Amino acid sequence: MNFPDFNNNNKDDQWERFSQLLFYDEEIGFWLDISRMKFSSEDIGSLQDNFKEACKSMKALEKGSIANIDESRQVGHYWLRNASLAPSKQTSNSIRNEINDIKTFGENILNGKITTAQGKPFTDVLWIGIGGSGLGPLLIVNSLQDNNKGLNFSFLDNVDPNGINKTLNSFRDKLSTTLFVVVSKSGGTPEPQIAMDQTRFFLDKNGLDWSSRAVAITMEGSSLDQIAENEKWLKRFDLPDWVGGRTSITASVGLLPLVLIGEDIDSFLDGASQMDQITRRIDIYKNPSALLAASWYFSGAGKGKRDMVVLPYQDRLQVFSKYLQQLVMESLGKEEDRNANKVNQGLAVYGNKGSTDQHAYVQQLRDGIDNFFVTFVEILEDCTEIPKINKKSPGDYLSGFLQGTRLALSENDRQSITITIKKFNSYTLGSLIALFERAVGIYAELIDINAYHQPGVEAGKKAASNILKLQSEIELLLEDGKLYSIEGIMNTIPGSSQESIYIILRHLSNNDHTYKFVGNLSDPRELQIKKAV
């Protein structure tokens, strides 16, 4: 295909470029416009061989090759929406059985066949999960739940004491009819464990039983799975080892909230499966995920030199930028390529929603540093319950603001991608998620990195664990009531550092008043500390 180069000063050339590059799929009702990204037909041609190799790798992944070398693990999120792709009959059957189990459980919760121990129907859900275990469900609920449909959802996705306190206290009048869902693949992630412990304590304090209203989503045989089994929790769902957190939205992690808000699981999975079929195509121009990956590649010179700003012009998709932030950055942010060469790859993602952002950072996007490209997301079909008043439709204005922002950026030579969806529902959300999952996989192949491990995340977890261990050692040391300098503590505890000790002590002394600093607070070198005993 030969198309004109990006030329904002020539309307005819730009119209020709737009028309040739516009991708459309009638089945989904989906358009992708990459015409305002700066690449040439020669650039795309130069990627064709690399793209074919990327497709081979993606095909091998779908057939069950080991993709996460660190954990010697398969990556099977594509099987979740088409169980026949799974490499074994046992896995295929397990996927189908799990989907049916989730459907039955959710329907029985909503129709009142499953109730609290007191015979009351469940009214609310408190979802406890971190990272993909929280972001996927949050996206599902925020984007798809209609008014007065299904259960009311709240989330504990952090270990902030103020946030936990505020959320738990918001349940006082409905605590007895709340379903508690705990998500942790390994069962050993500290954040959901801590949030669960606090929630259980809160229930106990209010005279309510935990097990009869608790659900676990975890890997079979994990510590959480064993707890749920031993304590006879209301229900357990499997999260297979071949599903990563950031791609777990089409697993039980996303399907359970779907059914609990009264949405159609099959429609969601069908949308993802349909996009999967489209994005297996070998022709770049007929593969929207390949077009996205190519746009990212040329925009950032294959090095992620430009940020991606995600601007969905729809309130219900406000969480989408956060969801993509994890999917893209955790997958592509890698220090080394697959040959252990230091490459420091990545693609930074941020965003919120239009038209709000037009009154925030779009000023810089148009007139400031040119280090980004925008991904607009547009939904064509407006809410029919909101009428025109004085011949003015909010939907018309929203569309006008999107097109105006796109043009204003383009006039100043700023790049953008526009994704347009005819109608937003569970089917098209599934397709949108699958679009970006495949784009991430293809882009990772183009830059030769492993998209399916997260050594940086693991390093952060290990460092946090070491800090908590150091805090325990400091607390034990200070039990004698003696006065210690920071230097003295460091010399007593091997492998510690002054800075870490100081930061731990500062937090301790502000939350446990038996710890007292002595000295000049503005100079940590002079401080001493002791515990009243």
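Any Cβ shown, glycine's included, is placed from N, Cα and C.
Swiss-Prot lists Glu330 with the feature active site, proton donor, giving sequence analysis as the kind of evidence. The feature active site is assigned by Swiss-Prot to His359, Lys461.
Structure coloured by features recorded in Swiss-Prot.
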residue: Glu330; record: active site, proton donor; contacts (Cβ under 8 Å, 6+ apart): Arg246, Gln454, Val457
residue: His359; record: active site; contacts (Cβ under 8 Å, 6+ apart): none
residue: Lys461; record: active site; contacts (Cβ under 8 Å, 6+ apart): Pro190
Helix, strand or coil at Lys461 (active site) [DSSP, three-state]: helix
